[in-house]
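These notes concern the structure reproduced below.
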Amino acid sequence: MSVLVPAYLLNEYNEYFRTKRDVRLDGWLLMGSPWPTLVMCLMYVIIVKYLGPWYMRDRPPYQFKKLLIVYNAVQVLFSLWQFYEFGMGGWFGAYNWRCQPVEKTDTERANRMVRVLWWYYISKLTEFLDTIFFVFRKKSEHVSFLQVFHHGVMPINAWLAARFAPGGHCTLIGFTNTFVHTLMYFYYMMAACGPQYQKFLWWKKYLTHFQMIQFIVVFVHSMQLFFIDCDVPMLFAWLTVFHTAAFLLLFMDYYRKAYDTKKLAHKNHLKKATVNSVPTNKNKHQ
């Protein structure tokens, strides 16, 4: 990898890794180096933006109905379990919402947070399938910049958190994200069951509300660290603030395009229908 990265940067990273890593994750799967995660994220982008569309160019879309139901059901249970573990690891009451350093003690609660952060990282890798299914179903409208950027960087963020700060203040994003994903995958599971369930999915747009609220809460929560004295790595405060702000702006743009456009189209349709229903002078004399 030295061909791709200047030697001095590798030396800086190696020194940081040696002195700052959390030794509790030494020996855990994929925790020894960031390179496997970076390569998987790069391969994800290549597959969903280039290889997948090229492969599907002259092929009919796959349906994957039963597979999608099973996949989303598993993700519901996986996300719900992670939410519970994040809560029991601190966010159900043990953690201080104003300043919570990483607990490096060998307690069951601290080790519980370490474990769930590793599983959270693994879950971000499994979520590559969200976009891959869209590609092979030819749902190209869903393979947006937001979708690819979100799924492409989250495994990197989760790896950094698990490796260097597995607990404390910056794990709030995992706690809130797994709650939102429980709802999101439940929605996807119901949608995959067929059109007869569409009448129960009126709450779709509120999922985006939840996602945006999540980013606002985590953004404000992390901004506290810039104004108080708290033993939290500021690198992760900066990363959290930057990514939550970026995701919030992207989700707001998605919401505006998805729902404001629909409202405008509906108004134009009603206006056109009203105009067409007004009798012309010619019709009045007939």
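Numbering starts at 1 and runs along the chain as displayed.
Just so you know, glycine gets a Cβ as well, placed from its N, Cα and C.
What you see is a predicted model, and the numbers here were worked out from it, not measured in a lab.
Features reported for this protein in TrEMBL:
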type	residues	note
TRANSMEM	35-55	transmembrane segment
TRANSMEM	67-84	transmembrane segment
TRANSMEM	118-136	transmembrane segment
TRANSMEM	148-166	transmembrane segment
TRANSMEM	172-194	transmembrane segment
TRANSMEM	206-228	transmembrane segment
TRANSMEM	234-255	transmembrane segment
Quiz prompt | Which of 67-84, 148-166, 206-228 contacts the transmembrane segment (35-55) most, counting Cβ pairs under 8 Å | solution = 148-166
Exercise. Mind checking which residues of the chain, 6+ beyond the ends of the transmembrane segment (148-166), have their Cβ under 8 Å from one of its Cβ atoms?
Key: 17, 20-22, 24-25, 30-31, 34, 37-38, 40-41, 44-45, 48-49, 102, 113-114, 117-118, 120-121, 124-125, 127-128, 130-131, 174, 232-233, 236, 239, 243, 247, 250
